[in-house]
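Asker: My structure is below; once you've seen it, I'll send some questions.
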């Protein structure tokens, strides 16, 4: 009876929109064939309560589904009563009160039928509520479990698995793929059972009431079913491909947003946008093909449906005329079968959601079931109460799983006695850090053994083993929480006193106490609020608080400035007492006190002994020391004499300089410090309030270039909508034929109407295909456009926007993935349905008023109730959608952080802690799903039951109008079917309410992003583009605070000048504003007062793209992209195509060429996520090559050599010296030996210049610089 059902069912695209989350390439090859799990396996995480919910939900869905066919029995009997009485009411009105009063009999009969209808309505009201709410409840409970299990499974995996999988993809799986499962196991399953029950009940009623007609109709239904099956198969293939393309796009976006400073500094926005658009374009093409194939099958389905009407009416009329059936019987059979067949169409979106869920679950469950070889959650293995700490590596061979063909360790042998300190030295990439990772059992060696106290570490319990070990690595990772919490990650049950003790030992207490919120200061995303030195000291405190038996220091002091280093080194020396310590250091001055120094070369240890023994050997260590001391020799000689005088002063500088090691900023800019989550929530709520709602037309305007598609699509939709009232007219005419009259005339009329039905079928084939295709294509184009615009708008924003915690990488990636898809959910195919349904109801109402205005008015008075139910549903679901989104983002943030920094989480054995935080954040979304279940259940059941009640009212009132001669029976049928079918169609349109609610919210977010004017617009073409630039830079009384922590002053009237071709060195304690100078020069921010001038022109007046193109930057922790080495180097100049020769030349200048040539794929070698496949030194040299390729006028070196080992440092330093020739250069360095030759050295303290001059002049002043050199020379010349 309800054409819409089929249209809606077959056409409705899943609103989850086949989003991100591909299967990585390697696994995609293997999984081409089998990428669905069994249908029942999908529910493997349901407990008895869920099963009970699902069972009751299914039972009620079946009861609900049987309602319509049962109603058709009542309808058939009622039709017979009407047709039998039709002759009695063709007289004028005043005759109707005859002796027998057939009118009263008819009205009594109708009252009885009205009770039947109402009874069915009451049953449906209850059943529909239980069906929807119980299935939604069960899904919410299971999804919570799946999220927990999946996150648990990820945290459980070993490092080699992450190297191959890549972390970005896991984040998209955690959000998108699980919401796909949620789509496939919730209310849609209930709807599916409801549809199936309708199908079976319809056919059972059909067979009982008239098997001959049923068989005829079934023949065509079978063909229809077959075509649907074929279509579903084609569709799922396209969905798979589309998923993969979107996942790749998602990974590009996440990578670019995570490295936004690098992207902006090198003007890589367009390149990132192109990479992103390339994957989107693929997804769009697949989406359009999907729309074409889907809508051809849609058209065929409608052609078959109308053909079956034609056949059924023709054959049915023959049976009625030959008195085998009554007309009521024929109607019951026809409509029962029709409703049954259409219910299959209604099941389509559910059928669609199910394979999607099974596909997503295949990957998710696969990861959940993957048992790692090294399982940190396992309880198995030896758990000693304590260990002595004797370590031994015997004949250890190893290569990383992701690059199995490159051997790192080639037979390593090393013994470390309990309490000894062993230093590993050697060139970048020789296997030192690998040794440390193997000792923590992040990987297992391919051959050989590693033992502690004579026990193979594989026999220890993994967690227990790691708890004995404290690690401080070169680029320490802090989590986005408070300082105290970060230290607590070292050991869960630590007290505040122990934290303070550890912080004092790590020399971080003073700077923490100067922060406004002290230990409650938030450190920002990846610790971005703090300087490198401050992060490093907090990481040391975090390691010390574990009180580990074995301490692993991988370049633990490389990021510190001189003063901090001396003190932290002292702290580490103290921390090493009584512990077995392995130190990796490039600065050899820090390891000369080690008990044993082991020289690494090419994956084996070639020499070991104490400092003096190895110097005598004149081997690799001797060579490294020689290279290093040549730099610091000058320092130490100058100070031999003065050191004795200075000893008493202890190197304390004037102005209490040492007391003010306070770092406001750097490396990454400040993100504001907020102590408590609830304040954060208040702000997020404000953010939502500040996003102005967007009108629907504004979204459509984005699609305006596709207007021809919309015109064609809308015309077809209107034509399709008008089909239904046309159907009503023919139906009422056909019923009227069977009153008293000549059989031959009846047969002729029936034949004619059957042919009309066939004509409607041919018409609907074309209109349905065109409607679906035009809107589908426009929708795909819109999604691509929105994603592309959103990504472009994000890349356009200024740094202060990215500093805001609401715009963390995780949150932005999630937005990008879901918002555009949700907007498409309310446009595209959905728009076509709304146009079609509106036309349907509109035409229906007009015709109804013509044929019977009284009944029309009664029926129309019911429609507002249905509409109100729809609006209430929409409003409540929208509120839920908003809350859901926000709360899932909070959980997503924790997950993203844990997955991105998995090494740190694992080293700290904090997997359980992150898991419990994540689980806690899932409570909110779960509570929402419970609330939603009930609201959705109530509104759904009201809209479902209304139809039954309207049948009761309509036919009772209809009989009154017939008895009183106001209407004929066929007009009652016409009016009723036109209005009810139209209203049902509108009901279907309102079932998209949740999608529309989500879409409006997403559209509002997107438009607020598109319309945000950044303070510094990276895309701007405004400003001057000077023809030549000499390279002189002046800072004039510059005052600056970071926007997100406006109350902490950073620069307080800084003035400095560097002339063309000069090298300026900035020195000072951590946090004095050195890196801020570089960021202001790059125009990441603008000063609050004062000016920055380039060649005398104010930076604000210069075009920002031109300005950045003149600067080449190399920072302390360089970020590389997950592509080939060649592409990473070429990234330095995105304004043109860089030739391979230039890439090789830059690599040679940066001294990385020889290393690249040793790799199997040379320049085409992928560097891994954030460059993880390379050592610190290798990454740094690629970053230098990247800066040189753009031939900058000004070179900015922010700690460019701090991460390098001696040999690399010497060579890179030479490369930098060569690169500086003829260029203006600004260097930030903690190692003073690297800057002695600078033309000008400026000492910054508290945001102002305190001293400036050459190395010699500053030594003569005996001020801050003198103290710093003194301290450093002291450590170097022990």
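We count from 1, first residue shown onward.
Placement of Cβ uses the backbone N, Cα and C atoms for every residue, glycine included.
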Asker: Based on the annotations in Swiss-Prot, which residue of 88, 703 is described as N-linked glycosylation site?
Answerer: 88
Asker: For which of 94, 295 does Swiss-Prot record the feature N-linked glycosylation site?
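Answerer: Matching 94, 295 against Swiss-Prot annotations yields 94.
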Asker: If I go by Swiss-Prot, which of 474, 1110, 1116, 1236 binds ATP 1 at the same site as 403, 429, 430, 431, 432, 433, 434, 1176, 1177, 1178?
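Answerer: Of the residues offered, the record points to 474.
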Asker: Among the residue ranges 884-905, 906-927, 972-993, I'd like the one that Swiss-Prot describes as transmembrane segment.
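Answerer: My reading of Swiss-Prot: the transmembrane segment range is 972-993.
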Asker: Read off the topology recorded in Swiss-Prot and answer whether residue 171 and residue 739 share one side of the membrane.
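Answerer: Going by what Swiss-Prot records, residue 739 is on the opposite face of the membrane from residue 171.
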Asker: Of 142-163, 164-185, 186-207, which range does Swiss-Prot call transmembrane segment?
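Answerer: Within the set 142-163, 164-185, 186-207, Swiss-Prot attaches transmembrane segment to 186-207.
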Asker: Would the transmembrane segment (853-872) and the transmembrane segment (933-955) count as touching if the test is at least 3 Cβ pairs under 8 Å, pairs 6 or more apart?
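Answerer: In this chain the transmembrane segment (853-872) contacts the transmembrane segment (933-955) - 3 or more Cβ pairs sit under 8 Å.
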Asker: Around the Cβ of residue 533 (ATP 2 binding site), how many other Cβ atoms lie within 10 Å? Please give the count over every shown protein chain.
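Answerer: By my count, 27.
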Asker: Decide whether the stretches the transmembrane segment (294-315) and the transmembrane segment (755-775) have at least 3 CB pairs under 8 angstroms, with pairs required to be 6 or more apart in sequence.
Answerer: yes
Asker: Which sequence-distant residues neighbour the topological domain 'Extracellular' (316-329)? Criterion: at least 6 residues beyond either end, Cβ under 8 Å.
Answerer: 75-81, 83, 209-210, 212-213, 734-735, 737-738, 743, 746-747, 750
Asker: For the topological domain 'Cytoplasmic' (873-932), report the average pLDDT of the model, please.
Answerer: 79
Asker: Using all protein chains in view, find how many other C-beta atoms are within 10 Å of the C-beta of residue 1072 (ATP 2 binding site).
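Answerer: By my count, 31.
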Asker: At a C-beta cut-off of under 8 Å, are there same-chain residues at least 6 beyond the topological domain 'Extracellular' (208-214) that contact it? List them, or none.
Answerer: 73, 76, 312, 315-316, 319, 324-325, 329-330, 332-334, 336-337
Asker: Going through 186-207, 215-235, 755-775 one by one, which has the most CB pairs that fall under 8 Å from the transmembrane segment (831-851)?
Answerer: 755-775
Asker: Can you work out which residues elsewhere in the same chain, 6+ from the ends of the transmembrane segment (215-235), have a Cβ less than 8 Å from its Cβ atoms?
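Answerer: Same-chain residues near the transmembrane segment (215-235) but 6 or more away: 10, 203, 206, 290, 293-294, 297, 300-301, 304-305, 307-308, 311-312, 315, 333-334, 337-338, 341, 344-345, 348, 351-352, 355.
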Asker: By DSSP, what is the split of the topological domain 'Cytoplasmic' (873-932) into helix, strand and coil residues?
Answerer: 55 helix, 0 strand, 5 coil
Asker: When secondary structure is assigned with DSSP, how many helix, strand and coil residues does the topological domain 'Extracellular' (732-754) contain?
Answerer: 18 helix, 0 strand, 5 coil
Asker: Sort out the residues at least 6 away from either end of the topological domain 'Extracellular' (732-754), same chain, that have Cβ-Cβ distances under 8 Å to it, and list them.
Answerer: 79, 83, 86-87, 309-311, 313-314, 317-318, 320-321, 327, 331, 968-971, 973-974, 977
Asker: Near the transmembrane segment (711-731), which same-chain residues lie under 8 Å Cβ to Cβ, leaving out any that are not at least 6 residues past its ends?
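Answerer: Here the qualifying positions are 3-4, 7, 753, 756-757, 760, 763-764, 766-768, 770-771, 774-775, 778, 831-833, 835-844, 847, 973-974, 977-978, 981-982, 985.
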